[in-house]
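As given in TrEMBL:
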- C:7-170: domain 'Arginosuccinate synthase-like N-terminal' (DOMAIN)
- C:A11, C:Y12, C:S13, C:G14, C:G15, C:L16, C:D17, C:T18, C:S19, C:A38, C:G121: ATP binding site (BINDING)
- C:Y91, C:S96, C:N127, C:R131, C:S182, C:S191, C:E267, C:Y279: L-citrulline binding site (BINDING)
- C:T123, C:N127, C:D128: L-aspartate binding site (BINDING)
- C:181-398: domain 'Arginosuccinate synthase C-terminal' (DOMAIN)
There are 4 protein chains.
Amino acid sequence: MASDVKRVVLAYSGGLDTSVILKWLQTTYGCEVVTFTADLGQGEELEPARKKADLLGIKPEHIFIEDVREEFVRDYVFPMFRANALYEGLYLLGTSIARPLISKKQIEIARKVGADAVSHGATGKGNDQVRFELSYYALEPDIKIIAPWREWDLRSREQLIAFAESHQIPIAKDKRGEAPFSVDANLLHSSSEGKVLEDPAIEAPEFVYQRTIAPEDAPDKATIITVGFEKGDAVSIDGEALSPASLLTRLNELGKDNGIGRLDLVENRFVGMKSRGVYETPGGTILLKAHRGIESITLDRGAAHLKDDIMPRYAELIYNGFWFSPEREMLQALIDRSQEFVTGEVRVKLYKGNVDVIGRTSPYSLYNQDLVTFEEGAVAYDHRDAAGFIKLNALRLRTLGSRARQIGE
Amino acid sequence: MASDVKRVVLAYSGGLDTSVILKWLQTTYGCEVVTFTADLGQGEELEPARKKADLLGIKPEHIFIEDVREEFVRDYVFPMFRANALYEGLYLLGTSIARPLISKKQIEIARKVGADAVSHGATGKGNDQVRFELSYYALEPDIKIIAPWREWDLRSREQLIAFAESHQIPIAKDKRGEAPFSVDANLLHSSSEGKVLEDPAIEAPEFVYQRTIAPEDAPDKATIITVGFEKGDAVSIDGEALSPASLLTRLNELGKDNGIGRLDLVENRFVGMKSRGVYETPGGTILLKAHRGIESITLDRGAAHLKDDIMPRYAELIYNGFWFSPEREMLQALIDRSQEFVTGEVRVKLYKGNVDVIGRTSPYSLYNQDLVTFEEGAVAYDHRDAAGFIKLNALRLRTLGSRARQIGE
Amino acid sequence: MASDVKRVVLAYSGGLDTSVILKWLQTTYGCEVVTFTADLGQGEELEPARKKADLLGIKPEHIFIEDVREEFVRDYVFPMFRANALYEGLYLLGTSIARPLISKKQIEIARKVGADAVSHGATGKGNDQVRFELSYYALEPDIKIIAPWREWDLRSREQLIAFAESHQIPIAKDKRGEAPFSVDANLLHSSSEGKVLEDPAIEAPEFVYQRTIAPEDAPDKATIITVGFEKGDAVSIDGEALSPASLLTRLNELGKDNGIGRLDLVENRFVGMKSRGVYETPGGTILLKAHRGIESITLDRGAAHLKDDIMPRYAELIYNGFWFSPEREMLQALIDRSQEFVTGEVRVKLYKGNVDVIGRTSPYSLYNQDLVTFEEGAVAYDHRDAAGFIKLNALRLRTLGSRARQIGE
Amino acid sequence: MASDVKRVVLAYSGGLDTSVILKWLQTTYGCEVVTFTADLGQGEELEPARKKADLLGIKPEHIFIEDVREEFVRDYVFPMFRANALYEGLYLLGTSIARPLISKKQIEIARKVGADAVSHGATGKGNDQVRFELSYYALEPDIKIIAPWREWDLRSREQLIAFAESHQIPIAKDKRGEAPFSVDANLLHSSSEGKVLEDPAIEAPEFVYQRTIAPEDAPDKATIITVGFEKGDAVSIDGEALSPASLLTRLNELGKDNGIGRLDLVENRFVGMKSRGVYETPGGTILLKAHRGIESITLDRGAAHLKDDIMPRYAELIYNGFWFSPEREMLQALIDRSQEFVTGEVRVKLYKGNVDVIGRTSPYSLYNQDLVTFEEGAVAYDHRDAAGFIKLNALRLRTLGSRARQIGE
């Protein structure tokens with residue numbers, strides 16, 4: 001299998017696993033490795049990754065490091081939040097939404113450096129392998145994909161470390177021991193799973209949480225903020241215009257400080273089994289509530305209900321890795337079409353894990369006080385219209401009722 | 001219009017509004033009024049309603065008072081919660097779900113006493129008129145319906161009180177003034193709307209809340225409970241078996257004490273306008289989370305996703321008043337079919353407004369630790385299968401990618 | 001009611017009914033009437049309508065006559081056919097799709113001539129009143145709408161004719177008698193309903209059909225045509241480029257001659273009752289089959305299935321009159337997004353009522369002979385991939401099966 | 001791979017392919033083969049299969065032959081037709097629906113004879129392997145599955161025949177040559193694909209059709225039949241009660257004689273590519289039309305539209321092989337719930353490929369002539385109700401229209 005790859009672009013974090021992969025690719029495939037390391041807001045410095053790649057023999061011109069935070073939030077996170085997407089009613093899709101972007105960058109680099117393969121560090125039981133590879137194939141149908149975790153015979157942490165040692169891969173001291181769980185992180189969320197989390201009956205230990213303080217530790221006084229929206233996307237906090245990534249960073253800080261965005265979930269993976277994860281999405285949790293808040297006064301009922309109806313399917317597509325599919329793009333066209341007037345401001349109260357919308361205003365508000373007020377207003381709502389509305393809506397039910405009575409039901 | 005009604009069954013609360021309606025029916029239609037007062041868990045005593053009906057000239061045998069709390073929770077609330085129903089992503093449908101039961105009881109009484117009409121106190125701009133009347137018509141297609149708020153010319157609180165005074169209807173002292181908002185309540189929730197709540201930009205004042213304390217006022221220490229489920233319905237708390245209504249009552253207390261279940265929402269009414277409401281659903285909020293928790297380990301992915309996909313439609317049907325429709329019953333059949341093994345226990349942490357699932361167990365759990373663990377287990381999961389799975393899922397995307405490349409996209 | 005209208009734009013056919021309406025508007029509302037007569041391809045000359053309007057006292061500058069056939073097909077019929085829309089599985093929506101265009105033209109004229117009202121000749125039991133009026137309101141929210149059939153007390157054909165006679169409205173001799181059924185027609189279809197068709201147990205008599213010959217009378221030899229498509233719309237027949245209306249006209253002739261496009265249907269009206277109609281849609285029936293034919297090789301599965309899933313809802317919206325609604329526009333955005341490569345040619349065989357696709361070609365075909373052929377081709381399809389694909393798709397079913405066995409199901 | 005199977009139940013047709021498989025299983029796996037041959041109405045005698053199995057060394061008690069036609073139609077075809085299922089708008093799922101039954105029988109036999117494996121003759125590029133294997137796994141999660149076409153190295157017809165010859169498998173003379181296309185058949189349909197059909201641009205040759213005469217060859221006079229339904233299933237033809245399989249057989253004859261039920265289709269396979277098939281479903285085509293006909297007068301609009309909305313998903317599940325999945329069963333529960341009153345008679349006209357419903361009657365008809373008639377009837381339909389109905393349906397559109405005007409759109 002190893003003979004026909006010449007140059008491979010690896011999604012490289014600089015950590016132990018992808019360093020082992022890097023070396024394994026060199027030794028097994030005898031090919032040149034090109035590394036891509038992205039700053040997605042995972043909260044780690046990138047320069048160590050460059051040094052390590054260099055140390056492992058990657059040519060300088062083949063070490064690609066890029067800060068993609070703005071692109072990530074603007075072109076992936078925000079479009080997804082326009083849909084109010086939740087997988088299985090609860091999960092904000094923080095890992096799922098980052099994979100397509102990494103894949104796209106790898107393919108772009110592969111074209112630039114003339115690579116014939118791409119590789120990633122996702123394991124053989126998870127969703128991420130699917131998300132990476134569906135994206136690769138959609139963008140570059142003939143690309144060769146190498147998924148080391150499915151190919152090699154390293155089956156435990158010990159074997160991994162043994163491989164590292166025998167190939168002179170430096171191992172950080174704190175990485176020698178078995179990690180008590182595994183983590184994925186980016187600007188939208190961090191997720192933890194495995195090991196101490198594997199029994200869904202047992203509460204996740206506090207040390208699992210990395211990105212939020214516990215509600216119990218949050219201030220006793222609420223923080224109130226105003227989030228500004230334009231055409232469905234958040235654009236400001238408390239009146240200050242912010243770029244997408246800056247805005248999400250700010251919301252993350254606010255969420256973290258107020259103990260917001262923790263989720264302990266058993267979910268259904270695309271590959272067929274259930275798994276348990278702990279997610280922390282502080283800013284995203286605020287953003288979802290705020291977005292629903294601004295939609296509540298600017299979006300028509302027909303538009304809102306259609307969005308709600310198709311949302312689970314849209315979320316499932318992203319979860320399953322079909323970001324670059326025609327059906328996701330069609331649903332996005334539908335969603336985006338609805339957001340033209342989703343503009344205005346939402347006041348949100350943050351308090352010890354709670355996010356509550358307490359006020360909404362918009363120049364395009366469809367809320368009409370005259371229409372709802374108890375007293376009949378100037379507007380064209382005649383109480384008697386309701387009688388006809390009910391009568392015709394009831395007509396088919398009455399016909400059914402008559403039939404039921406006739407047959408003595 | 002007034003001539004052809006002989007006997008009308010009125011949904012009677014004993015309050016000022018329905019007492020005025022009672023008298024108005026007597027004087028305008030010259031008909032006999034039969035009252036029906038239900039204990040739905042709204043938290044008011046029923047005997048005053050009996051006395052008042054008696055005072056207003058209703059024959060003792062025409063005063064119907066019934067405690068329907070168990071029926072309400074068992075046959076309406078619980079079936080709805082099997083669906084994880086949320087209207088517009090957030091509203092737990094507390095008012096909507098009570099109307100069909102009241103209507104059904106009125107129709108049953110109408111048959112018993114030979115009444116030819118029914119009447120209710122819902123106004124002409126709201127959803128409740130629709131919910132009452134669709135239910136009446138579905139169950140008794142030829143029933144005559146009288147909706148006083150759409151018929152009479154009383155247009156303000158002053159006129160209502162004047163009518164009451166001129167007809168010797170006693171008025172509680174605290175009802176003389178204008179109420180700052182209007183309320184509906186039952187065992188599932190209380191809702192508040194109107195007046196001080198009409199501007200959606202302005203935060204709901206604390207005095208609006210009646211059924212929950214503020215998260216700020218809740219204990220500094222979390223309460224942890226275990227909710228037991230059988231076939232999708234909650235049956236116990238902390239190991240104690242409870243009837244449906246008792247269980248919901250207990251959850252309400254727990255929720256209230258921990259500041260749980262408040263919602264400030266701008267929603268879309270079926271009659272076409274937006275309105276702003278404040279809902280308090282303490283027990284229901286806990287129940288929804290716990291139900292999703294037990295489903296997360298007992299429900300198959302295919303079943304769960306199908307449920308999520310049809311949920312918004314199911315919720316809309318209930319919101320719009322179509323409980324007694326074939327399509328709601330068809331969806332219920334689908335939902336109920338999925339709940340056979342939704343049995344087990346969920347540990348839930350309640351803390352200052354937060355409801356978090358922290359553990360789940362079930363004799364029918366589909367969660368399989370062997371399948372998800374990093375190490376390959378004894379079970380039949382072969383990492384290499386994932387490659388084929390991805391390849392075939394990618395096939396159509398690769399074909400699309402090839403086309404795109406051919407045409408130089 | 002009659003006092004506050006100054007000028008009304010009437011959808012005027014020139015026939016007896018709308019002539020009576022015209023006069024009734026003048027006499028009842030004392031207002032100026034502006035007539036709008038459209039050539040939608042209904043197959044009647046328009047000049048008689050002009051003469052008759054003139055005769056009834058309409059100012060020349062207030063008589064609007066327009067050939068809207070191209071606009072009708074291009075902006076209404078074709079977008080709808082991109083969706084393969086069928087109401088209740090069978091009906092091609094020929095009447096529904098014409099109403100929004102007529103309404104839009106009336107509103108445009110109302111603005112031009114400063115009219116404050118619009119009026120139409122649809123009856124009070126049908127769908128068309130809803131379609132006209134929802135469109136009026138969506139485009140001009142404060143317009144006054146006059147629906148004579150719901151207002152006046154003319155309750156039978158005799159009364160109508162009596163009114164006509166007493167107001168010097170000329171009556172065509174063949175219109176004196178009771179028509180055996182009523183008709184609506186435009187370039188897409190003609191529909192017949194009422195009277196002789198009212199009993200759904202009885203076969204529609206042959207004289208009802210106006211736009212198609214019977215399959216029995218069609219030629220014994222098939223006609224084979226090639227329909228060319230570009231981006232989802234038909235653009236040519238047998239290689240000849242045709243404008244939208246010309247193309248549909250040609251297809252109508254071909255369909256008519258081959259006995260194609262008859263439908264005898266009991267359908268559910270939006271206003272709540274069932275009705276029976278006979279539809280003739282010769283060209284549309286061919287177009288639907290041909291469009292599905294070209295989609296079958298150019299549309300990806302994910303796109304195609306999403307389209308099929310949302311189609312019934314899209315069709316229902318059009319049937320119910322919600323063309324000018326945000327949700328229809330959102331669905332249209334989704335549909336249109338899918339049509340970019342729906343380009344190519346379809347060979348269709350027409351024979352005595354049958355329309356069969358017998359060949360399809362496209363420069364953008366996704367059909368790949370290499371992939372399906374029994375012999376393994378050069379392409380990247382490995383039979384072994386299927387094993388992994390099946391194994392992971394089966395994983396959750398196996399977990400369910402294990403549970404079932406454990407509990408002795 | 002070959003060592004661990006002791007006894008395998010093979011879906012055995014008696015033809016060349018499965019005879020080669022039988023021998024290959026014996027020689028490669030060294031295991032005992034148990035054959036299952038079903039009469040699904042494919043139109044072949046079963047005794048030759050018994051003889052051939054005997055000849056190939058299968059013990060008499062391990063040769064299972066069963067006539068499953070009634071079970072097939074009653075428990076698989078009819079439930080599916082209650083849904084009006086069509087895959088990709090056109091395909092009646094004739095092959096898809098037979099696979100689960102065969103799989104179920106194989107698993108039952110495996111349990112009876114203590115077999116540890118099952119095997120089938122489906123190839124590695126098709127849907128049938130998926131349908132067989134998902135069903136096996138769902139019913140017996142630990143069963144071993146052998147799919148010879150994915151395992152062996154026979155890659156052409158020549159190799160197959162060479163294998164047969166070298167193993168003394170008798171080969172029918174007419175099977176020596178290359179078949180011009182491959183066929184699957186059962187009581188519901190026959191399908192043809194491959195070879196001469198592989199180019200979708202070229203019309204299917206007449207010799208492909210086996211189960212229907214051409215419309216051109218059908219009688220010049222229409223045949224009119226009456227199909228009786230009870231609770232959604234067809235039970236009689238022209239008043240004669242018939243068992244499910246007898247009824248479908250009769251409809252097949254009627255369809256065949258009238259040139260009904262041919263379909264030439266390019267479809268999307270679950271395994272990711274497009275394929276072209278020719279289907280002949282004479283009886284099913286009549287049945288679908290008749291079922292929609294009886295539903296049109298007995299099914300409420302809400303029920304009917306919900307069914308139409310979920311139908312594509314239901315059809316996709318069956319096509320993809322998920323008959324034995326919880327989501328298919330949930331959808332079935334929904335569908336079946338709707339069929340209680342789908343009882344009555346439908347008159348259908350069959351003529352040269354056309355199937356037209358020309359009359360419907362039912363003791364449970366919801367069609368109400370009083371409601372639709374032009375003249376106002378005795379029933380409670382007041383034309384004026386329509387005004388209120390429209391006004392409230394328009395309210396949100398008017399609000400949108402006002403906003404659009406305010407912002408100068």
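Each Cβ is built from the backbone N, Cα and C atoms, and glycine gets one as well.
Curation does not apply to TrEMBL; its annotations are automatic.
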Interface-proximal binding-site residues, chain D, C-beta separation under 8 A, candidates C:G121, C:D128, C:E267: C:E267
Secondary structure of C:G121 (ATP binding site) (DSSP, helix/strand/coil): coil
Least surrounded among the binding-site residues, given as C:S13, C:S19, C:T123, C:N127, C:S182, when other CB atoms within 10 Å are counted: C:S182
Binding-site residues compared (C:Y91, C:Y279) - highest count of Cβ atoms within 10 Å: C:Y279
Overall pLDDT of the domain 'Arginosuccinate synthase C-terminal' (C:181-398), taken as the mean: 95
Pairwise CA distance, C:N127 (L-citrulline binding site) versus C:G121 (ATP binding site), rounded so that it is a whole Å: 12
Of C:G15, C:G121 (the binding-site residues), the residue whose Cβ has the fewest other Cβ atoms within 10 Å: C:G15
Collapsed DSSP category at C:S182 (L-citrulline binding site): strand
C:D128 (L-aspartate binding site) versus C:A11 (ATP binding site) - Cα distance in angstrom: 12
Binding-site residues clustered about C:S96 (L-citrulline binding site) [Cα within 10 Å; pool: C:G15, C:D17, C:S19, C:T123]: none
Protein Cβ atoms within 10 Å of C:R131 (L-citrulline binding site), excluding its own: 28
Around the Cβ of C:E267 (L-citrulline binding site), the count of other Cβ atoms that are within 10 Å: 20
For the binding-site residues C:S96, C:S191, the one whose C-beta sees the most other C-beta atoms within 10 angstroms: C:S96
